[in-house]
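Per TrEMBL, the feature signal peptide maps to 1-22. Annotation comment: TrEMBL describes Arg100, Leu106, Asn273, Arg363 as substrate binding site. Annotated heme binding site per TrEMBL: Cys422, in sequence order.
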Amino acid sequence: MIWIVPVLVLLCLLFTHRWRYSKEPPLERGIIPWLGHALEFGKDASKFITRMKLKNGNIFTVHAAGRYVTLLLDPHSYDEIINDPDSLDFGRYAQVLMERIFNLHLPLYQPEKAKAMMKRHFMGSSLSTLNSSMNRNMEILLKSEMPHNQRNWKQEGLFHLSYSLLFKAGYLTLFEGEQNNNCTDPSRVYEEYKKFDGLLCGLARGSLRKEAKATAYALQRKLWELLAPAGLGKSSGSSPWLHAYRRLLQDDGVDEETQRRAVLMQLWATQGNVGPAAFWLLGYLLTNPEALMAVKREFGQISQMESSGTPLLDKTMKTPVFDSVLEETLRLTAAPFITREVVREKTLHMADGRDYLLRKGDRVCLFPFVSPQMDPEIHPEPQKFKFDRFLNKDGSVKKDFYKDGKKLKYYTMPWGAGANGCVGRQFAINTIRQFAYMLLTNYDLELCDPNAQIPKADVTRYGFGMLQPVGDLLVRYKPKEA
Ligand code: HEM
């Protein structure tokens, strides 16, 4: 009977082992059964993917936690993934994340319907109302942090300042609408959300230990409670988009508890990235004096034209230097995975002429952070912050970047692309610009230690949108004297 164990192991290997068929991308199984490369992937996805790219080239399949994920890293071929809704499905993958992170099961999940509604509220003519409201909330919150008659420096971590202020302003703008007495205190929502945010990547990967998981679920329950009234007030008072989102869910027969879970998911989608992006932008400016001078000069020209209060920096205001700084900041710190589930076997036609088969049931993932964003052929000295990287010599916007001698359509991709690209993009850009303008024009803002360096990024957050720093960058600020 002793032979039965090796035979069982052999049978098990035979049935669970995946063989690479011809025309399929190189396969990286990893040596640990089922787990495969999951640990390395979760620890520092960028380092792992860069190593695999050096070994296998621009396409390969990785086995991780029982799944097979094909990484495609040639930006010339990205449209093959972004523009194929027939074989590749975003919704199914999103549904898995919704369940894992938010405990959310939407039986009639129709991303297209929700997306169309969001476009109506976040883009086009609604945008200027949203911008004014966000501007007002930012100003009120900044003044409450630092009244204009204050003469002493206030010392604070720049990440804390940027994330907490923009989260609260965004929450008031998008989740509360007109202020009223029943308004949930945005500081409480932020405090709980921030703790939840720290556990979010672990929840998504399914890698949290028992206690951390229990903490994450307790935080979720607290946030559901805090968000319970959001979007339910009279339509004139509550935020119009959240009101419409609630109505959409109600029309689909979604119960009250599930609605709260969905509202928490929207809090993450709309508030999770702007604060960290603003932190990196200001952090790079404060640690690069030449860049800071150039942006201040550009903002100075705007403030000279305005005599009454802080102007609303709308589309008509041209700020090419700031735009380049933001593009460069996001190139260095925006690191989302763009993932789709393969719902029908697909032949992927690479730009170099090779074809690869993608198997039904696998996932396919783009990681633009590795290429194009950190690709030295496209962006020389990619680790370095160069504020004018996206400016031509004559000061116009630079859009011509090349790989393999061919001009690129995608030379940086912080917002995703195609039908599932970010719907809040313009709102986010306006918000960060307005926040930077307010801080740099109305306040003296400087590093506490003039030699401080920008903190390193937390490498466990690759794949989840904007990176966050390890630690913080200590700054001090006070209102400018008139
Ligand atoms: C710096 C800030 C932001 C960054 C870097 C960012 C980036 C992204 C990315 C990469 C995606 C996923 C694209 C894909 O999977 O293909 C996304 C989706 C989304 N973003 Fe943003 N985003 C930001 C701010 C915002 C804001 C302020 C809002 C709303 C007010 C917003 C709303 C959304 C929504 C609703 C989706 C999901 C779209 C869908 O269902 O297809 N984002 N964002």
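A Cβ is built for glycine as well, from the same backbone N, Cα and C atoms used for every other residue.
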Say we define neighbours as other CB atoms within 10 Å of the CB. Which of the binding-site residues Leu106, Cys422 has the fewest?
Cys422
If H, G and I count as helix, E and B as strand, and all else as coil, what does DSSP give for Arg100 (substrate binding site)?
helix
Can you tell me how many other Cβ atoms are located within 10 Å of the Cβ belonging to Arg100 (substrate binding site)?
14
What binding-site residues in Arg100, Leu106, Asn273, Arg363 place CB under 6 Å from ligand 1?
Asn273
Would you kindly give the Cα-Cα distance separating Cys422 (heme binding site) and Asn273 (substrate binding site), rounded to the nearest Å?
11
Can you tell me the three-state DSSP label for Arg363 (substrate binding site)?
strand
Distance from Arg100 (substrate binding site) back to Cys422 (heme binding site), taken between C-alpha atoms, in Å:
21
Indicate whether Cys422 (heme binding site) is helix, strand or coil by DSSP.
coil
With every protein chain in view, how many other Cβ atoms are within 10 Å of the Cβ of Asn273 (substrate binding site)?
24
For the substrate binding site, please report the maximum Cα-Cα distance among Arg100, Leu106, Asn273, Arg363 in Å.
24
Under a three-state reduction of DSSP output, how is Asn273 (substrate binding site) classified: helix, strand, or coil?
coil
Determine the Cβ neighbour count for Arg363 (substrate binding site): the number of other Cβ atoms within 10 Å of its Cβ.
22
